[in-house]
Structure formats: structure tokens, C-alpha cells
């Protein structure tokens, strides 16, 4: 075992645990892997160094600008139908082609970037509020409170995330709002376990005892000092989870549980475009699919880079 191993430093070993909702739970006291060996291989392949992370940042900046400026920059409305150009290939009028209804794919991808980016952002906000609260409470309280919360998160962590979302959708109905909230709850155990792992180490530091001696209450210490000090380790982890959240929401939209027509959500665009494949038209699927893949990989590259720069613990 290496001298600088997390185990020898008294820190939880987070290297081999799964990292997404619906996977087998990690052993007690062990957080989900960050950023994960699989993601590191992907990031190394596409270049997670300074150049690769800069390219990923520039690409994501362009995507965000396209989403913000879509009403001004998009050549057509996303729902503008023209059957005369149905399944048109790339032309000067339609740079990325058109779908079965003659809707411009470039315009739809630009407008779809809004829901495809806002959805994961809200998802992670919900998951972070719930997960950080549970993880911090477990690490701070220890004893039976920690044991109960750890067992509850283990059960939730082992429950298939997609199945949980399907059950929620079956009760409350299809829609992007339902899918986002359900996935937020599905991702909460992942963040809770990671937060607990890093919070246990943070709670053992002298400044916590110093604030206690000064008479500061537990809630004040956690809110004003403990949680802000955890942000350094959480940032890179949440950046990677953003890509996972985008992929999960796109999957739900593809299955019909997320965004509904006439939305230009990327996952829904892939679903609507798959029928055109039998007619030899691949652009209706390729364009939104490539957008999803490139954005997810870019977030993974930036997340791995942030983990290295911020010194996030890993195996």
C-alpha cells in the first residue's frame, strides 16, 4: 500500500465504489468514487490536461451562448414546419438538415439546449440540498443517527434509479418537472454518501472544536463553516454528475417519461428522429445525439480537471 494512500491517512477509501444512482451500495463509510476510473479513462482519452479542459470549456461556453441567444441566432423557429424539406440533408438553408416534419435541426438543437442544460442544473440543485443535508447530519451526529441514515441511503442507493423514476412518473404523470424532481431524489443518496465521507474528516479538524468551545451551536457551525469548507471537494464531483444528469434526463425523454412534444429537448429529438433511420436519414438522430455526447464528455473532462486542481480525494 502506498504511503500516501487515503486509508493510511485515516480517510475513507473512495476509489472503487460505484458513482451513480441505482448501483450497488458502497461499504459503510465509503463514498461514491470520484471521479471514477472509467471517467478518468475517458477524460485521458479526449485530453483532460490544460488544453483538453480549455477546449471543453470553450465548447460549453458556445453551447450556453447558443441556448441564451437562440431566439436571435437561430435561423428558424424550432416548431416551424415545412414538409417540402422533410428529411433534407445539410444545405445552405438548413446547415444541419431537417427532420421528418421539415423542422430545421440547427434551430431545434439551439432551442433544445435550454431544457437540456437547465434540467440537470435543477436536478443537481434538488439532489445537493437533500444529499448534502443528509450527509452532513450523518457525519456530524455519528452514533445511531449516522447508522440509520447510512442504512437508509444504502437502500436508496441500491434501488435502480430508473425504476424509481418510472414509479414516480406513474403516480404523478409524464413531464419534465416530474422527471427532474424524481431524478433529483434518485441522485441524492449518491451525494449524501460522498458528503458524509468528506464531512467525517472535516469534523475531526481543530477549528470545529474551537467553535464549540466558543459556544456556537451545531447548526451554525455546519451552515457557516462546515458546509462551505466541503464545497471545494463537492464542486468537481457535481460537475461530473451534471453530465450524468443530462444523460439521464435525455434517456427519460427518449423513453417518453421526460420532455413531451413539441419540445426540442435533445433526448426527445433522438426519439422522434429514430423513425427516419429506415429511410436512410441519419441527421435527425445524429445531430442531437452528438450534442448530448459532446456536452457530457466536456463536463467529464472539466470535472476531472477540477478534481486534480482542487485536490479532491481519489484512489
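Using N, Cα and C of the backbone, Cβ positions are placed for all residues, glycine too.
Because TrEMBL annotations are produced automatically, they should be read as predictions rather than curated entries.
Annotation source TrEMBL lists region 'Disordered' at 1-33.
Residues or ranges marked as transmembrane segment in TrEMBL: 55-74 (among others).
Feature annotation from TrEMBL assigns domain 'ABC transmembrane type-1' to 113-303.
The transmembrane segment feature in TrEMBL is assigned to 117-141 (among others).
Annotation comment: TrEMBL describes 161-188 (among others) as transmembrane segment.
Long-range contacts of the transmembrane segment (234-257) within the same chain, counting only residues at least 6 positions beyond its ends with a Cβ under 8 Å from a Cβ of the stretch, are 19-20, 34-36, 39, 116-117, 119-121, 123-124, 127-128, 132, 161-162, 165-166, 169, 174, 176, 178-180, 183, 187, 190-191, 194-195, 198, 263, 265-268, 270-271, 292, 295-300, 302-304, 306-307, 310, 312. What TrEMBL records for 234-257 (among others) is transmembrane segment.
A Cβ distance under 8 Å defines the sequence-distant neighbours of the transmembrane segment (277-304), meaning residues of its chain 6+ beyond its ends; these are 35, 39-40, 42-43, 46-48, 52-53, 56-57, 59-60, 63, 87, 89-90, 96-97, 99-100, 105-106, 108-109, 112-113, 116-117, 236-237, 239-240, 242-244, 246-247, 250, 266-267, 269-270. Sequence annotations record features per position, and here TrEMBL assigns transmembrane segment to 277-304 (among others).
Sequence-distant contacts of the transmembrane segment (161-188), counting only residues of its own chain at least 6 positions beyond either end whose CB sits under 8 Å from a CB of the stretch, comprise 20-22, 115, 119, 122-127, 130-131, 134, 241, 244-245, 248-249, 251-253, 256-260, 263, 265.
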